[in-house]
Each structure stands twice: as structure tokens, then as C-alpha cells.
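So that you can see what the record holds, here are the features copied from Swiss-Prot:
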- GLU187: active site, proton acceptor (ACT_SITE)
- ASP49, ASP88, GLU120: Mg(2+) binding site (BINDING)
- ASP49, SER50, ASP88, LYS118: 3-methyl-2-oxobutanoate binding site (BINDING)
Amino acid sequence: MSSVVRSGRISVPALRARKGGTPIVALTAYTAPMAGHLDPHVDVLLVGDSLGMVIYGFETTLPVTLEMMIAHAAAVVRGSSRACVVVDLPWGTYRESPEQAYRNAARLLAETGAGAVKLEGGQEMAETIAFLTARGIPVCGHVGLMPQDTLMEGGYRATGRTEDSAARVLADAMAVAEAGAFMIVLEGTLEPVAAGMTRSVAVPIIGIGASPHCDGQVLVTDDMLGLYGSFQPRFVKRYAELALTVAEAAACYAEDVRTRRFPAMEHCYTLSR
């Protein structure tokens, strides 16, 4: 059964129209409670396949399944009412053919009520993006550093370090935009290259490890809140240290239980007088 999309959400055309205007604010969300906390403050809630690492403890995003993405995206839609919900198509669900991509994207949107899908890839994915958009599937592109290519690349490496690399990233973004993507995430790309791309490409460029001159920014929420491990990518600014708060709260709770300070009588049910 599909989720119901509530009225009042930021639309795909509204996001596309933000090119060169007030920067678009995006954060990841994987659960209904977090979506509810973030929704008043952001324009886009990205249900990223990063949930494989953040929620499930995988080393990469590659083990994430379509069923996982559907379950989490539906929760985010239920927990929010304002932001546009964009959902990653996971590895292995869209590169075989445009028809495979359409089948899985249509299922994802129908079963979750999300507003758009996101897929990784440049010039080689232009045909697929055009196929999807021609059939009513809004697509957000993703170029530059592409986490789903980690097997081919041997890890995570910033792009745009050479003239050839910079030209390739720009050509990828241009191809994705011309194919019909309404917005493009640009990840892990040298700042001058990212700034120039933002000026050159007709649709909003959302940076993550890119440039302050992009049309918007996205971060993994757990990174931004200091919840996800000790490793901090260079491009992350921590706005809180919630891992410490959680640890302190758990320690206080454990001490109260062991010393029988919790539960106190006010936490117990008693007969009314």
C-alpha cells in the first residue's frame, strides 16, 4: 500500500526554480522521528543509501536493498509534512537498463509517497534519466565522487584534481541536467571545479564536500550531529556532539538502576486513594 503524500510539501519545480537563489538546505533522514525533527528546517530530506553504514553498520552502501530503502523512505514520508523527500536508488537496481530503473523507481515512489529518486552516474546514465523523466519519475542526479563506485575506484577519492578529471565531472553534470534531472548532488570535488560547475549547469547543484558557491548543501545528519563514530570527513562541520550526550545519559541510567534510584515511586503505578 502506498503512503499518502500530504499537501504543502516543497515541490520538484520549486526546488528547480531555486537555481542561483537562496541556498537549498538538505539533510539525510532514515526514520520518522528524525524526519519530524528536521522537517521544519530543511527543504529536502534525503533518504540516502548511506543508511547502510549509519543504521545497519555495513562498511559500504553496496549491501543496501530496495526493500530497505522503501521501508525507511515510507517512515520519513510519514514523519514529515513540508520537505521534499528524495530517495536513493540503491546499487544494482538501475544500471542494467532504463527499464530496470523505471520498474524500481516507480515501485519506490508508489510504495512510499516520496517526491523523487536519486541515482549516481554521469554521461553513461543520461539515457536512463531521460527515460525516467519522460515517464513522470523526477530524478535528482549525483556526480563527482560516487560511493556506489567504490569497488571500481578502490575507495573514496575526491574528483577534479586534474584537468581531465575536472572536465569529466563537468561533462557528467551537463549530461545529467540535459537528460532532465531537476537537481544534482555534487560530492567530493575540488572547490574551484565545483564553483565553476555551479555557474555552468542550468539546474541546482547541491554540494557535499564541494563549494560554498553551490546552490545548496547536504550532509549526513548523523555526521553533523556527532553521532556516527569518531571518523569525521573533512567536509563535515559538527553542530553537536550527541554521541557524548547519549553515552552520559546511558551511564546515568545504568547507575540509577544498579543503585535502585530508578524507578522512583513517581515512575510506578499505585492504587489511587
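Yeah, the Cβs are placed from backbone N, Cα and C, and that goes for glycine too.
Structural mapping of features recorded in Swiss-Prot.
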residue: ASP49; record: Mg(2+) binding site; Cβ neighbours (10 Å): 29
residue: SER50; record: 3-methyl-2-oxobutanoate binding site; Cβ neighbours (10 Å): 22
residue: ASP88; record: Mg(2+) binding site; Cβ neighbours (10 Å): 29
residue: LYS118; record: 3-methyl-2-oxobutanoate binding site; Cβ neighbours (10 Å): 24
residue: GLU120; record: Mg(2+) binding site; Cβ neighbours (10 Å): 23
residue: GLU187; record: active site, proton acceptor; Cβ neighbours (10 Å): 22
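Comparing the residue listed as 'active site, proton acceptor' with ASP49 (Mg(2+) binding site), their Cα atoms are 14 Å apart once rounded. For the pair formed by ASP88 (Mg(2+) binding site) and SER50 (3-methyl-2-oxobutanoate binding site), distance between Cα atoms is given as 9 Å, rounded to the nearest Å. With ASP49, SER50, ASP88, LYS118 listed as the residues that bind 3-methyl-2-oxobutanoate, the site has a largest C-alpha separation of 13 Å. Between ASP49 (Mg(2+) binding site) and LYS118 (3-methyl-2-oxobutanoate binding site), the C-alpha separation comes to 10 Å. Secondary structure from DSSP puts the residue listed as 'active site, proton acceptor' in a beta strand. Other than ASP49, ASP88, GLU120, the residues of this chain whose Cβ falls within 8 Å of the Cβ centroid of the Mg(2+) site are, in sequence order, GLY48, SER50, THR61, VAL64, LEU89, PRO90, TRP91, LYS118, LEU119, HIS142, PRO147, GLN148.
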